[in-house]
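S.K.: Have a look at this one before I ask anything.
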Amino acid sequence: MSSVAPSPARARKSRALSGTVRAPGDKSISHRSLILGLLAVGETRIEGLLEGEDVLATARGAKALGARVERLGEGSWRVHGVGVGGLREPLETLDFGNAGTGSRLMMGVVGGSPIEATFDGDASLRSRPMRRILDPLEKMGATVVSAAEGGRVPLTIRGPERAIPIVYETPAPSAQIKSAVLLAGLNAPGETVVIEREATRDHTERMLRAFGAEVSVEPHGPHGRLIRLKGEPELKPAAIAVPADPSSAAFPMAAALVVEGSEVTLEGVMINPLRSGLLTTLLEMGADIRLSNQREEGGEEVADLVVRAGALRGVDVPPERAPTMIDEYPILAIIAAFAEGETRMRGLHELRVKESDRLAAVHAGLLACGVEARIEGDDLVVTGEGRVPGGGPAVATHLDHRIAMSFLVMGLGAQNPVGIDDAAMIATSFPDFVELMRGLGAEIEIEIGERA
Ligand SMILES: O=C(O)C1=C[C@@H](OP(=O)(O)O)[C@@H](O)[C@H](O)C1
Ligand SMILES: C=C(OP(=O)(O)O)C(=O)O
């Protein structure tokens, strides 16, 4: 099990932020490009790969399963894949650290193929539910050789000679469950079908097509989708350009909104509609965000976002929007604290099973910083007064990068500094976060273990 020394950090009220920055490569697309690179025969080239710890764990996983994975330069990677039929049984435990996406997608790969592998991770990953992945994989012929209590990691899976094609309705709106089933379905003779009641990010579907698989998607019910994958495709390597991650761009964007006088431009942010719920919500709150230079990059729509500080009002965020902004609620809660009036974020049950229980962690952090907030069932309600006191004890981040970055952003706009108990996990998704924010004019101090 991996662990990193904690690095307490603190952010203080900032002068106006300004500048043009590019958020790192999208984490979801980065994981998938390495995994599909492994599953195609030949050389896949990736530009703009996120070199965060989560993705580096997936790169090691791809290597352990037989791929040759090389870093050619910053963000520039080459994967020599072995194909679905050529996977090697890893000799050692696959340690995914803090990464839900990497571990769950790789479970799909292993669970659909005739190899056995053991998965493990840090204390956060060890607490996260994996039954949601193991259940469909068992239906597809996989055997769970062993697992920690409740079907958690460390766990060992053995896949079948050929997977059984299934029709599977996901029990939660989760792109990770959908992706694990589709990846296992690559080694199934026939059609694997995934039904989701609420559409989730579609990067796996898009990328499978780019690698030559036959995937069709149709609407299902008012908010859902039905996805069909034709099994046993011959995946061909592809060239992947990874767009900037909207979930990471959300932090400098939020800072620009809440620090008086700021104007920040975020370049090349992916605006896939299944990832842009935060943008929709912020525009409803009256945020001054302008999209320009809309274009396509690497099969995804991207835009430059010009963000200016200004007054914001509280809004009601409907539950059906949750899958399109699931990782953005912590930072939205911070922005809501700076708005005038009540923001109600509905239907947040999935936040309880992320790197931490994000509903509880955000709520506790807000209270510690003098913000009025309450949890009602699966809703988080934040009452903003246009200003945030800050101060108080260090916010507990529970090995959660998004909690860490959210409260540091709060400190940049709050009356008093905001401290967090540990900034180390920021490196899982946004290794240059502190440097990028400092480049915009932010004051963030890290006490120990500062990363370059
Ligand atoms: O598929 C993905 O890349 C992801 C799916 C989401 O998780 P769930 O599938 O659990 O909703 C999200 O929270 C995670 O950061 C990335
Ligand atoms: C939930 C997240 O990631 P993962 O599930 O991959 O750990 C996240 O990055 O916010």
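Keep in mind that glycine also has a Cβ here, set from the backbone N, Cα and C atoms.
Under the heading active site, proton acceptor, TrEMBL lists D327. Residues or ranges marked as phosphoenolpyruvate binding site by TrEMBL: K27, G100, R128, Q176, R358, R402. Taken from TrEMBL, the feature 3-phosphoshikimate binding site covers K27, S28, R32, S174, Q176, D327, K354. Taken from TrEMBL, the feature domain 'Enolpyruvate transferase' applies to 13-435. Positions annotated as region 'Disordered' by TrEMBL: 1-26.
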S.K.: Please give the greatest C-alpha separation between any two of the phosphoenolpyruvate-binding residues K27, G100, R128, Q176, R358, R402, in angstrom, as a whole number.
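M.R.: Greatest Cα-Cα span of the listed binding residues: 19 Å.
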S.K.: Under an 8 Å Cβ to Cβ limit, what residues of the same chain, 6 or more beyond the ends of the region 'Disordered' (1-26), are close to it?
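M.R.: Hits for the region 'Disordered' (1-26): 48-52, 75, 95, 97-98, 120-123, 126, 154, 203, 242-249, 252, 255-256, 259-270, 309, 390, 394, 404, 407-425, 427, 429-432, 434, 436, 439-450.
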S.K.: Whole-number answer please: how many Å between the C-alpha atoms of R358 (phosphoenolpyruvate binding site) and D327 (active site, proton acceptor)?
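M.R.: With the alpha carbons as reference points, the distance is 9 Å.
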S.K.: Which one is it, among the binding-site residues R32, S174, Q176, K354, that lies nearest to D327 (active site, proton acceptor) by Cα separation?
M.R.: K354
S.K.: Using DSSP, what's the helix, strand and coil tally for the region 'Disordered' (1-26)?
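M.R.: So the counts come to 0 helix, 9 strand, 17 coil.
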S.K.: Where S28 (3-phosphoshikimate binding site) and Q176 (phosphoenolpyruvate binding site) are concerned, what is their Cα separation in Å, rounded?
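M.R.: Distance (Cα to Cα, whole Å): 10 Å.
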S.K.: Using DSSP reduced to three states, classify R402 (phosphoenolpyruvate binding site) as helix, strand or coil.
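M.R.: Reduced to three states, the DSSP call for R402 (phosphoenolpyruvate binding site) is helix.
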S.K.: Can you tell me how many other Cβ atoms are located within 10 Å of the Cβ belonging to S174 (3-phosphoshikimate binding site)?
M.R.: 22
S.K.: Please classify the secondary structure at R128 (phosphoenolpyruvate binding site) using three-state DSSP.
M.R.: coil
S.K.: Those recorded positions, R32, R128, S174, D327, K354: which ones have a Cβ sitting under 6 Å from ligand 2?
M.R.: D327, K354
